[in-house]
Structures are given as C-alpha cells and as structure tokens.
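Listed features, source TrEMBL:
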REGION    A:1-174  region 'CPSase'
DOMAIN    A:7-137  domain 'Carbamoyl-phosphate synthase small subunit N-terminal'
BINDING   A:S51, A:G229, A:G231, A:F258, A:Q261, A:N299, A:G301, A:F302  L-glutamine binding site
ACT_SITE  A:C257  active site, nucleophile
ACT_SITE  A:H349  active site
ACT_SITE  A:E351  active site
Amino acid sequence: MTGSHGVRACLVLEDGRVFEGESFGAEGETFGEIVFTTGMTGYQETLTDPSYRRQVVVATAPHVGNTGWNQDDDESARIQVAGLVIRERSPIASNHTSTGTLEDQLRQQGIVGISGLDTRALTRHIRERGAMRVGISTESSADDLLTRVRQQPEMAGLNLISEVSTTEEYVIEPVGEHRFTVVAFDLGIKAMTSQRLAARGCRVHVVPADTSLDRAKELGADGVFLSNGPGDPATADAQVALTKQVLDAGIPFFGICFGNQILGRTLGFATTKLPYGHRGINQPVLDHTTGRVEITAQNHGFAVVDEGAPRETPWGTATVSHTSLNDDVVEGLELRRGDRLVAFSVQYHPEAAAGPHDSAHLFDRFCGLMADARNNAQEA
Amino acid sequence: MPKRTDISSILVIGSGPIVIGQACEFDYSGTQACRVLREEGYRVILVNSNPATIMTDPELADATYIEPITTEFIEKVIAAERPDAILATLGGQTALNAAMDLDAEGILEKYGVELIGASIDAIQRGENREEFKDIVLGLDLPEGTADVARSRICHTLDEVLAAADELNYPVVLRPSFTMGGAGSGFAHDEAELRRMAVAGLEASPVTEVLIEESILGWKEYELEVMRDRNDNVVIVCSIENLDPMGVHTGDSITVAPAMTLTDREYQRMRDVAIGVIRAVGVDTGGCNIQFAVNPADGRLIVIEMNPRVSRSSALASKATGYPIAKIAAKVAVGYTLDEIDNDITSRPAIDDITSRPASTSGRRHTPASFEPTLDYVVVKVPRFAFEKFPGADDQLTTHMKSVGEAMSIGRNFTEALGKALRSSERKGHEFWLADDGSAPEDGELELLMAEIVRPHDGRLVKVERALRWGASVADVHEATGIDPWFLEQIVLMQKAGEAVRDASPLTADVLRQAKRHGISDVQIAHLRGTTPDVIRGVRAALGVRPVFKTVDTCAAEFAALTPYHYSSYDEETEVRPREREAVIILGSGPNRIGQGIEFDYSCVHASLALSEAGYETVMINCNPETVSTDYDTSDRLYFEPLTLEDVLEVYEAERAAGPVAGVVVQLGGQTPLGLARQLKDAGVPIVGTTPEAIDLAEERGAFGAVLDDAGLPAPKHGMARSFEQARTIAAEIGYPVLVRPSYVLGGRGMEIVYDDAALADYIERATEVTHEHPVLVDRFLDDAVEIDVDALYDGTELYMGGIMEHIEEAGVHSGDSACAMPPITMGTETIEEIRRSTHAIADGVGVRGLLNIQFALASDTLYVLEANPRASRTVPFVSKATATPLAKAAARIMLGATIAELRAEGMLKREGDGSHVAEDAPVAVKEAVLPFQRFRTVDGDSVDPLLGPEMKSTGEVMGLATTFGAAFTKGEAAANGPLPQSGKVFVSAANRDKRHAIFPIKRLADLGFEILATRGTAAVLRRNGVPTTTVRKHTEGPGPNGEPTIVQLLMDDQVDLVYNTPHGASRGGSPRTDGYEIRGTAIAHGIPCITTTPGLSAAVQGIEALRRQSEGEPLGVRSLQDWQPYMRQDASSAATEGIK
C-alpha cells in the first residue's frame, strides 16, 4: 500500500509471512529478532533501551511518535533497536518537551522502520508462532529478503554484551549526601537505573562488563549491581563467574533483568527462551514476600526456570521471590542466609522508564542491604 | 484474600431515573454489580425507582424495590430486609448522596448496616473540595508533582465576590455535592458571577461553592483507577479530552488512550492518581480522577475525583474491555485483583518452564490485576438536545448538558473519529456533509474563526471547515485550545477526502486510504457527487472492505476468548466461524430525548430470549453507557455505528461466519427502524414486522385506509407539502391543530398551533418540509384522555401487554406524561373497544412482534392517534408492572414463535393478558423526569418548563402501590422530590382550566394548605368558597408597602407548590408561554410545579395518600418479587424459570 510518504517497504518473517507497508525512518534494510511491546507510552525510552539490541520492535500502540523526541527521555546514547514497526505515524510532534520528530531521529540514526501495516495481525502471528527472525527492506523483493532473513543468527546463543557495554568507566554522582558506592556492571544499562540509585544517595560507578571484582573493590563497592541487557543469558559465563565472586565476598548484590538471569544461573537455576517474551509496561507481578501485586515494566525474552522449591546453595537458600501473574514465569529471585537477605534480583524493570513506578522501592531494598552489610561489618 | 463471609446480604442502591449527567451507564454498572454479587452467593436487595433498567429486572436481585431513592423509602427497605451491607458506589451521585444521607440521619448505625466500597469518610474526603486539595498537596511525591488550582471555599455571596477579586477573573464556580457538575461554570465578570453564585449556593445541598483560578484551555485528562483491600492499584484507562479545560468531560469529545503525553507525564499522572485513591481512602472499588495539564510547561493539576463508578468508568470499560463495575463489586466484597479473572484473555500455556505449583496456577485466564493496553483508538462524542429547549444557551461549560453519547473504535484516531461522528446520528455533524459550500465568501472565515472560540455543539465540524478554508493549525489551536495533534489528524482526513474528490478514476488505494481515515461511503459519495450505493458497489468490486478486530484488553498479547469486535480497514479479520444460526440485533445508538434506555432494555431482552431459544445473538450498537454493549450480554458484540454501511459490513462478516436467520430492527427505536427498508433492499432478511408494514403504519394515507377498513376513527388529519396545503387542511379541520414532520420519534418538532400566523411560522421553521418530507397536520383533541397500548401480535392472536391511562391530557407528549396502569378510570367497555381496535390495527398493518398504539378518548369516542409497529418507550414499564417480559416475547414471535407457544412456555400468561388485571393488582404509575433545571438561556434565565407535544423528558420512574394516590406520590417523590403535605400553594389557571381546577384546589384548602392566587383567580376561588390569599402578579411589581410579587415569594422559598397552566393563545410562533416567570422561578428553586389540571388532581390524590400516612396508613414498600403473584395471577415459578 502506498501512503502519503510513498516509499514502499516490506517486512518478511523467517516463516515466510510478508507484510507490506511504507518506509518509516531511514530507508534501507535491517534484520533482527521480531518482538512486540504493548506499552502505549514511552517509545523513546524503548527505542534507546539497550536490551532491545538486534531486535526489531513492533509497537502495538495505535499511534507512535505523537510526542516527538526530547532531550530527557533517552535511556542510552543512541537508538538501540534494529528496526521499528508501527501502524500509524504522527504528522507532527506535539508536546512541550519535544525538540524534533521521531521520524527525523530514526533517519539521523539510520534506523529502518516500517509503518501502515496490520501490526495487530503481526503481533498475533508472533504470539502464536513465537519470536523469530525478520527483515525489513525498502530495496529488496520479499523473496530475496526471506533468503537473507534465514541467514541471520538466532537470538538464542547470542552474546551481545560487548556490543552495548560501555568501554570506559564513568560515574553518576549521588543526589544529596553520599551514602553508598555501587559498582554497576554495564550489560546494557539504562540511564534511569543509575539515576534511581543516585537519587538514594548512591555514587554509581558504571563499569564495562568485563571489569574484575578487584577493580570493583578498589572503587569501594558497597554493593554490586548487574544491569539489564540483550542476548542469551546462557552465554554469559563470565558474568556468572563474577557473580560467584561477589557472593563469595559477601558483597550485597542486586540484579535487574539480565542481572536476574545471571544470579539465577549463579545459584544453579537454568534459563530458557520464552516463546514470545514479556514486553510492556502493564505486567502484573506477585511479590511473594508481601503478597501484593506490582504493575511492572518488562522486557525479556529469556527467563529463569522455576524448580518449584527453594534451592540450597553454598551462599544460602535461593527462592523465587516474584512471579508473573499472567503466566507464572519467574520474575525475581532472592538469596537468604538464615533470615538475612544477601542478594536479590528481579526480571522486570523497577527503574521503569518507560513504565510504572510501583517497584521503585526495590532500590531502597538494595540500599537497605548495603546498610545491613555495613553494620554487620562494623559489628564484626 | 477470598470474599467476605461475615456479610450475607447486600443492599445495592441504583441511580434512579435517567437525567442529564446520570444516564444508563449506571444501569450497566448496577446490572453488573447485582449479577456478580448474586453469583458470589449474596442475597441482593436492590432499590431503584427506574423501571426501564435491566438491573430492576426481578431476575437480577433477590428483592427488587422499585421505590424512590430517598432516605424515607430506603429506610423502609432496610427495615424490611435488614441487609448486612450497602453498596452505593455503583449508582452514581444519587446513590452516593443517598448513602451519605442515611449515615447523617443515623440510619446506618440504627440498623447496623455497613457501607462497603467507599466509606463515608472517603466519600467526604473525595467530594469536599478543600479537604481534597489538602490531600493532593500532601501526597508523598516529589515537590511539584501534583498541584491544585488555587481556590477559595465560600458559603455566601460576599465571600464569593471577595474570592474572585483575589484570584482574578475569569474564575470557576463549583457548587459542592451536585450531580454532573450542576450549577458550575466560568464567570468572566462580577455580574455573571453574582448570578451563578446565587444559583450555585442554592443547588448545593450544603450551600457551598468553590471559587477557583481558571485553567481554561489547558489539556484535560482522566484516569480510571481500581483498588482492592490489599492496596493493589491499577489504572484501567487514560482518557484525553479533545476539547480542552472549560468543557465538562461529559460534553467533550474524548479519546482513549491519551494521545499527547510522554511516558514521563503519564507516569506522573499515574503516581498522583494512586496517591490520591490511597489518601482519600477508597479501600475497594473504582474511582475516576481528572487532571489538567498546562500545554506550555506540563504543570499538572488535579481537578477532582469521584470515589465511585462514573460515566467515564462505563466508557473506560467499553473502551478497554475491562469490566470496571463487575470488578468493583468483587473487590467490594473482599476479593483482591489478582484473585479475579480477566474473562477476556486466556492464559498462555508455557507450563514447561513454570513448574511452580503456586496458588495462581491452573487458571484459565490471566488476572484482573493488570492494566489494559489498547492497540486501537476510542473516540466518544456527546449528543445534545438543545433543539428541544428553545432559548437554551448552547455554550458548553463545566455544567454538563449532553443527553447521550456515541463511542467508536478504530485502529487509529481518524478512523475512530469518523465512525464516532457518524454514530452520533446528527445531521450536519460529519465532515463535508454540512451544507457549507466549497469556498468561503469574504469575511466568512473570520466569522467562522470567531465562532469556534466558543465551545458549542458541532464545533468540530466548524473547525474542520476552518482548516479546509485555509486557517492554519496554529490559528485554530489558538482559537480553540484543541491540541495541534488532533488538528493535524483532521488535516489528514481532509487530504484523504481531497484525494477521493480528485481521483480519476477512484482507485483501491485512494479508497482504502479514505476508509482508513474513517470516511464513510456517504461522505465519499458526497465528495464524488454520486450515491453511497455506488460507492459501496465500487468498494466491493475493488475489494476495499473492512476487517473486524477484537477488543481484548491486552493488544493481542494473549488470546481473546470474547468476540467483542470493531471494524477497521486493516489486513486480518478475527471473526470466528460458527455453527449455530445467528440473529443480529440492532441497538438504538446514542441516547437522546425520545430514544433512550427503554430501547436498550428491549434489545437486551431480545438477546437474552433468543440466546435461550438456541440462537447465536449478535448485537450491534455504539452507545457505551448501555447494558447491550457489555461484552457478555450477547454472544457477539460489534461496537459499530448504526448506519447502513456499517450494519451491512457486519451482516456480511457474520454471513461469512455462519448462517444468519435475520436482523431485528423493531426494538431499538427509530434508528434501526429507519434502516429497515434499505437493509431489506440490500438483501438482508428482516425478521418480524416487514419494512413494508412499518412504512404502512407511518404513511398516513395507507394507515388511514387500515383504520377505515376496521371502522376506527382517527382525528381529522392531512399531509401537507407546503404552507398553502397546510392552511387548507387546517381550515378544513379547524384550529387548534397539531403539526409535525413525518418520521420522527419523541415528538421532535411537534407543536400545537392555534392560527394561520403560527402555522406559517411553523412551516418556515421546519426547514425540512419537502415533497419527501411532508408535514402532518392533525386535529388537536382538547380535553381528551390519552391512552397508550403495548401489544404483541403473531399474525393470529393478539396479546395485550398493557393499557396505560395518561394523567396529562392529550397534547402532552406521551413520553412526558405521567400514566397509570391498569387504567384508573376506564370501564370494561372502553377496554374491550381498545382491544378490538388494537387487534384490527395489528392485523391490518401486518404486525409480527410488538405494536404500540396511542388512543385518545374524547366524548366517549376512541380515536386512534398513531400506531407504531415496534417496541415503545413503555415496554419496560409495562413488563415490570405486569411481570411479563414483552420484549422477550416479541423477539421470539419475530423469529416465528406463536403467542400460544409462549403461553405454554410460561413466558406469557397462560390465560388472558395484560388487559385483564385482578382487583388486588397494584397500581403502577410512570412519571417523567424533566431536565429544565439543566438549561439556562443566554441571559442566565431558566427555560420554560412547559409540557407540550414535543418530548422533553430524559427519563422516568415508577411508583407501585395498591391505590393510585399512593403510587402517584411515590412517583413524584422519585421523580421530582416529595409532594408537600402542608404549606402554601400558588394557583393560576388559564380560563379554560378554571372550571376543572376549582375542585382540586378546594380540596387542597380543605387539607389545610394556604391558597395563593393573583387577583382574577383569587376572586373566582372565593366565589366558590375557597379561602384565598391574593398575591401580586409579576407584572404588577411590588406593592406600595413592599408586598412581594409571586415571583419574589418563589425566590424566597415562601411557596411549597405551584399550579400554573399556560394562558393565552399562540403569538408569533411562541404558543402559550404566559406565566413563564412563575414556572421558571419555581423550577430554578426546586419548587414542585404542575402545569396541567389533571396533574393537579393527581397531585391532590398523592398528597392525600401522604396525609393518610400520618393517620396510621403508612406508604409501604414491597419488592417486585412480592408483587409478582398479584401482577400476574398465573405467576408461578414457570414464569421466571425460563428467564435467567
């Protein structure tokens, strides 16, 4: 179908299904794993979230781009997605924060997108058949594109940490009084995560993924944080090794998303790829500790496999602390020695951005953990 | 946490009659609540005075009290039933106020009844503006997150004026504790403020108004919030108002989800909403919170919250598929959101990775503890009725004026907007269809730009025209405050429209693009200079057809189990094939005066009956307030405009899915009836009465022949296609004559005219008089008794549903007239004559299903006024009063069942029918509720509360008792507030009414009332031995010693009852309007005002019933379930067994 912009584009899934639309953003060709996200707000945060690396994101929201692009909402320095699929583009950006349009930003950063197609049909297809490889092109025929789609690597088995991790250490200074020093291993960290910690008096050293624990100790880590990030957690052996060291050293640990999967593996749980993942900002999670429900932001295609019972580890008892109410997928883990919490992680995104703030208290929990550890050290 | 077991019976308070600001959305919510509570095993007791509701169907509660929602009557119900708890958060402001009154008078405590849902404290915190502001400012959120408009609370006029000086004009005035924002608005200067403050202080039950800084023109939003007793909170829906701050949200075009917020802004709003619901302390249930956002800097102001289910909740439920009322009822009895299923979505099966044997496992559905996400856009447009209230100011303010709304769903905003505009069924309210010319004359654009500054009904069409005529988006934004994003969307529609206009030939691409922007076949035909049929043909040939998507709460993340569909021009359809034969039922569209909840009631009943009879039921409707648009009322729901194009597409989609028995057009009022002929021509099978028969009843000539054949008299009449013809007919018949356009409902445009001049004036104003649209001229029967009949006919047997005798004389629209059943003054001979006439007409017209006939009895002659072969407004009332489901029976008859079969099933009485009433059956009185208080003229005066042939009422109530007087007094108490038992009555009758008025007035004097009258009437009364106090006329002004005029007395609340019949003949098209000041003032001050003599007589009987109370004859309450055996002597379990 042609539209006001006129440049045709097509989207081809690895199982051969083809959708026609018009070019949105940069022209050209792109490949990745197709996933859908159901958030109705927050496309700028989503597009700049490093966890979406090598993924072509379908927005189920009916309109995308209405509020344009602004200076405040980036979650990393660039657009991370491999491609963007939407139904309806916005002719203008309308918001007081906006400094330009989404489409200009996509063009500037060379991100290929497609609009005007039946995103609901596409979403249903992904739901029924699972996430799969995809290509979008303004240049090739559907047949040619399909051949190349099938030549792309699968997401399972892919290690993408080096693609997104910072190469240089940098520091986010605490807001107000400095209370704790956190060393955050960047596996694809979102900007808001550091801000949430900083807001609670943490000096956050964001370090490259391959940084050693010794370096973290040098930096004076009161706690270690493992961030979210793209790729298959089963490949992240280095991070598992690091986490073992952290636990051995008795340093408070907090992980988010990829960090949750790493903690899971460290504690002996398996990880697996979900059929089509959880991506949205309306996901209900039951916190088994409080019995309460939190509406969470999620973005994960892999998950820790639940064993149905607590697991004894060299560092204490590991339990599933949070569960998705939609499908019972593990959404959080905690490690306790006796009554004392020593490490915890969640599969979802308490830093939100985009998403609700129901779980922001987890950053307080991390600070509490660091405070306890400090007190214990003093007592000892 | 499972449900509470410490309570076993719950009293649900309904919302009473449909009024502006409180419509059938509370039938939807109350129905859901009653269903849920019964399913959970509670004994449900219901109080609601509105018979036209599904919730008052006796099957929905254990004890249904159709009684006034007043402290007095609710206490009687509580005393009789002794419920453990009261649920008042699902019956609108009426129920909430009733609960507060019960608490204030100590009744809750006296009977030990617990209020569930929201506590009294929470209600007060939410509604008390000062306290609410403190709550918002005190929220534990970062500085500047939540703000409030600066304001002052005032109890006197002086305080109001001082506050305005401090805050600077314009200011907003809001009376406390009024419904739908009644009495609130903007005051731009002191004079305006004075006027509004007086009215506002009066309207507030606590004589309190709030004066507030103006945030006019800011963006307006709403969030629907749900909380359970475990403090889990979810946001169900965000709504953005297209019309910026200054227009009541009920009168705004609204959009879901919010379109112009970043996630940061949205989450801030969410945080505030959650903080507010916690701080206010709405422990369980839904609430609605409104926000204003300054478009320049994002400053967020919390405007108000409703600690209850609201109109917006109904909209949000339909918009998202999340059944707010149902969930609110469940959390009210103790469930937590994660324990409740989301019926719509099925749980994904990925058990291989979740071996957790948690309590949540083994469920079929995902839980209700989530936030719906939309992959479509919903647009709601209000529907107004200013044309019904001549002189009423049509400016939209913070005081709600719309009488209904239409909602539509599209995959983008433009598609939804286009569908919503055509759903609203307003002529000229769709782009390009208004008679607007293609290019502006000199100065026309400037004029238009000036007009759009003022929010009013139909502004958006003018906005579109201004853009088309060359105004920039920036200019229009400046003039209207409408966000540029929405304006750019309209520009997109225009571009698609232009492409359609200019295409040569019309290609599939161009057509598809137009359809994706919501442009209808009718609009395309207009742009192409052809007919919609041709466009439909072109579309079919080019394969440009819509698909049907599903509202699933989750943007397709999970599989949806519920076939709740909407059309869109997209790729993939989701309509599932089916085996069973389907019946498609056309709903009644947006509520309007004359076509409201009563028709939805009939449609819902048809769906229930046909589903039970084994059909797959398919509902098409676009009214979000209704029970018919609940996703679980019918087997399938299509939320679509009721236009030929949209209905045909659904029909085609369903035909592709499986066999279709036919389409029901008889039950939804004029909207579906108007489509019958075209649908049939397009090959759609219409069940029941044929379109030909429908036409026959409408066509005067053919119908006259039916009457002639049966030997039935009708008032002399004729049909005129010009003034000359009308004058000739009038001369032949003799004045006064009743004039009206053909094919209308609710007496639209109907007037009584007394002379040639008035007739000429009428014809001039009725601009649509053409050859195709003639004007009907009828003899007006003065002093006749009007009779309404609802009957069923299957081609052989007639079943009289009921015979209603009107209180007001013929000439007052039947919808506005009070009526009684069984007929209170008719003899058996008259009843037999009515039955014979009804049978003859049913047979002559060819009715299969329902038939409504209006008769007038004058000088012992029974005249046929009109016959409508369809469900009437009175079907629910008659069904309730006779315990017989007429609409269900009609639906069955339409599909081929016979009355004999339905008698055998027990749906209809085994013997006899509704015209045979046992002596110990109760008298049912229907009283109309009129919205005069809602409207003001441009000068701020009241509109004239006169009754006439044009219908003006928005709703109705029912009073049930063993005598007429007691039933009438209940009806009055429910509709207009209780009749006075003592005090002063002002009487003023037209000369023609004086003779009949003397007796009831004398009776009032005997009962101890002081009778006030102006000089002439006073003299007449004294001559008849009625002691009367003379008061000064309005035109006489105050007396030499400051003696007040009647109007001053009314303003000072010195009068308890007014009887005033209009004087004088028609002058220049404004008939019978003398006494306007008296009636207007009475209405403005909430003083009962009777404008007909039969109405006075009925009121006297009502007052007598009240007085007998103090003499030891109490006005008792009794449930429908208890009345049933008396209403229907054959009433056995069989009658109700069949009805779920």
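Placement of Cβ uses the backbone N, Cα and C atoms for every residue, glycine included.
Everything TrEMBL records as a feature, shown here on the structure.
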| residue | record | DSSP (3 states) |
| --- | --- | --- |
| A:S51 | L-glutamine binding site | helix |
| A:G229 | L-glutamine binding site | coil |
| A:C257 | active site, nucleophile | coil |
| A:N299 | L-glutamine binding site | strand |
| A:E351 | active site | coil |
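Looking just at the domain 'Carbamoyl-phosphate synthase small subunit N-terminal' (A:7-137), the mean pLDDT is 97. Geometry remark: the residue listed as 'active site, nucleophile' versus A:S51 (L-glutamine binding site), CA distance 9 Å. A gap of 12 Å separates the Cα atoms of A:E351 (active site) and A:N299 (L-glutamine binding site). Residues listed for L-glutamine, A:S51, A:G229, A:G231, A:F258, A:Q261, A:N299, A:G301, A:F302, cover a largest CA to CA span of 13 Å.
DSSP places the residues of the domain 'Carbamoyl-phosphate synthase small subunit N-terminal' (A:7-137) in helix, strand and coil in these numbers: 26 helix, 53 strand, 52 coil. In terms of local Cβ density within 10 Å, A:F258 ranks first among the binding-site residues A:F258, A:F302. In the structure shown, across all protein chains, A:G229 is the one of the binding-site residues A:G229, A:G231, A:G301 with the greatest number of other Cβ atoms within 10 Å. A Cα-Cα distance of 8 Å separates A:H349 (active site) from A:N299 (L-glutamine binding site). Using a 10 Å Cβ-Cβ cutoff, A:E351 (active site) registers 26 neighbours. Taking the mean position of the Cβ atoms of A:S51, A:G229, A:G231, A:F258, A:Q261, A:N299, A:G301, A:F302 as the L-glutamine site, the remaining same-chain residues with a Cβ inside 8 Å of that point are A:G188, A:N228, A:P230, A:P233, A:C257, A:H300. In sequence order, A:Q80, A:G188, A:K190, A:N228, A:G229, A:P230, A:C257, A:F258, A:N299, A:H300 make up the list of same-chain residues 6 or more apart from A:S51 (L-glutamine binding site) whose Cβ falls under 8 Å from its Cβ. Non-local contacts of A:Q261 (L-glutamine binding site) by the CB criterion (under 8 A, 6+ apart in sequence, same chain) comprise A:P233, A:A236, A:T271, A:F302, A:A303, A:V304, A:Q347. When Cβ neighbours within 10 Å are tallied across all protein chains shown, the highest count among the recorded positions A:C257, A:N299, A:H349 belongs to A:C257.
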